[in-house]
Amino acid sequence: KGKCPEDGWDESTIELFLHELAIMDSNNFLGNCGVGEREGRVASGLVARRHYRLIHGIGRSGDISAVQPKAAGSSLLNKLTNSVVLDVIKLAGVRTVTNCFVVPMATGMSLTLCFLTLRHKRPKAKYIIWPRIDQKSCFKSMITAGFEPVVIENVLEGDELRTDIEAVEAKIKALGAENILCVHSTTSCFAPRVPDRLEELSVICANYDIPHIVNNAYGVQSSKCMHLIQQGARVGRIDAFVQSLDKNFMVPVGGAIIAGFNESFIQEISKMYPGRASASPSLDVLITLLSLGASGYKQLLKERKEMFSYLSSELKKLADNHNERLLDTPHNPISLAMSLKNLDENNDAAVTQLGSMLFTRQVSGARVVPCGSVQTVNNYTFKGFMSHANDYPCAYLNAASAIGIKKQDVDIFLKRLDKCLKTSRKEVKNEKSVNEISNSNTGTEQLED
């Protein structure tokens with residue numbers, strides 16, 4: 001039926017299924033005589049076993065979704081994977097999605113592929129409207145495709161950084177709709193940045209007949225992000241949305257899903273991919289979804305949401321204990337941010353040292369963001385880089401509740417963060433005392449002089 005099974009399969013069944021697919025590929029035929037330049041020959045048995053002898057990859061030289069006659073098993077694997085993934089995207093909340101395909105590139109390059117496909121539809125266009133999000137790969141995806149990003153700064157509403165809808169529309173009018181390739185929006189992001197106002201952006205795109213590409217990097221795991229995409233497509237225009245395989249399905253890095261509501265446009269994107277492609281990302285996600293089943297994946301989504309509530313409440317308690325504040329970002333369903341005012345946001349060294357302390361204590365993924373850092377990416381200078389704004393009011397620390405996180409992870413993180421904060425505050429206090437004594441001595445010397 002091409003759907004994710006409700007209940008997961010055991011490993012023996014999955015392996016039997018993969019071996020059945022593999023013997024449909026010509027490189028595994030008994031007595032096969034290959035005289036071409038690409039015959040699925042593999043020198044190492046270990047490599048062959050690692051890929052379940054599915055060596056031919058997916059697609060043909062002109063279309064990543066095309067069936068390869070001498071690799072019937074790999075082609076079937078590709079078709080089934082895309083169908084199962086489409087089913088999972090629907091159960092995650094985007095019910096009206098019509099087509100998707102797995103591409104063996106991470107999110108940034110997959111976005112580039114979308115932009116390059118639009119180039120043929122809008123030959124005059126040179127700009128991409130991009131509400132600012134301080135993440136290098138999505139910025140580079142536009143540069144790599146040969147377009148000029150038009151950065152729209154976010155507006156501060158309470159603690160949250162939100163889409164400046166008026167600035168987006170004003171920029172479209174100023175540049176001319178025909179000169180704009182698309183609006184490039186974002187759902188999943190680090191707090192205090194929150195998902196873009198997708199409904200309003202989608203309506204603007206529909207009104208001005210401008211394509212809309214959504215970076216949904218790790219949004220599949222969030223019902224709120226998926227709801228925004230569904231609503232955006234319902235009230236306006238969303239041409240494609242791109243999500244990472246590793247972040248949403250717990251597989252190795254190297255794959256993404258490009259999905260959309262217009263089947264022919266998604267097919268155009270797949271045909272834009274040059275050459276054949278590695279089957280590894282498709283194989284990984286198919287094995288994972290067959291193992292979990294629809295019920296197993298839905299359970300992981302439920303647990304992630306519960307852990308987000310737990311992380312939020314416990315991080316707030318810890319913040320209060322250190323006279324800090326959990327920033328109020330109710331529109332961000334995955335990431336949280338805690339202020340670091342007591343480390344003295346004017347002292348970047350103290351803030352960044354906290355990040356180093358956490359990393360050396362095996363806390364990965366937590367980000368500390370000092371005030372006023374400047375970063376140049378492809379000749380564009382971002383002020384306040386990593387904070388998604390030129391001048392965010394305070395330094396802060398990020399933590400996220402992503403799919404697969406356990407209560408143990410949260411508890412250990414909070415315990416180690418508590419110790420690091422205590423150590424950092426002592427060091428900052430000692431440094432201030434030393435500076436005060438030094439200043440006092442200097443004053444006395446000046447009086448004596």
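Using N, Cα and C of the backbone, Cβ positions are placed for all residues, glycine too.
A sphere of 10 angstroms centred on the C-beta of Arg38 (pyridoxal 5'-phosphate binding site) encloses 14 other C-beta atoms. Under the heading pyridoxal 5'-phosphate binding site, TrEMBL lists Arg38.
The substrate binding site feature in TrEMBL is assigned to Arg60, Ser61, Gln68, Arg276. Neighbour density for Gln68 (substrate binding site): within 10 A of its CB lie 19 other CB atoms from the protein chains shown.
According to TrEMBL, the feature tRNA binding site maps to Arg234, Arg361, Lys426. Within the same chain, no residue at least six positions away from Lys426 (tRNA binding site) has a Cβ under 8 Å of its Cβ.
What TrEMBL lists as compositional bias 'Polar residues' is 435-449.
Here TrEMBL flags Lys247 as N6-(pyridoxal phosphate)lysine.
Annotation source TrEMBL lists region 'Disordered' at 428-449.
Taking the centre of the Cβ atoms of Arg60, Ser61, Gln68, Arg276 as the substrate site, the nearby residues of that chain (Cβ within 8 Å, site residues left out) are Gly57, Ile58, Gly59, Gly62, Asp63, Ala66, Gly275.
Under a cutoff of 8 A between CB atoms, and with a sequence separation of 6+ in the same chain, the neighbours of Lys247 (N6-(pyridoxal phosphate)lysine) are Ser188, Ala217, Tyr218, Gln221, Ala402, Ile403.
Nearest Cα neighbour of Arg361 (tRNA binding site) among the listed binding-site residues (Arg60, Ser61, Gln68, Arg276): Arg276.
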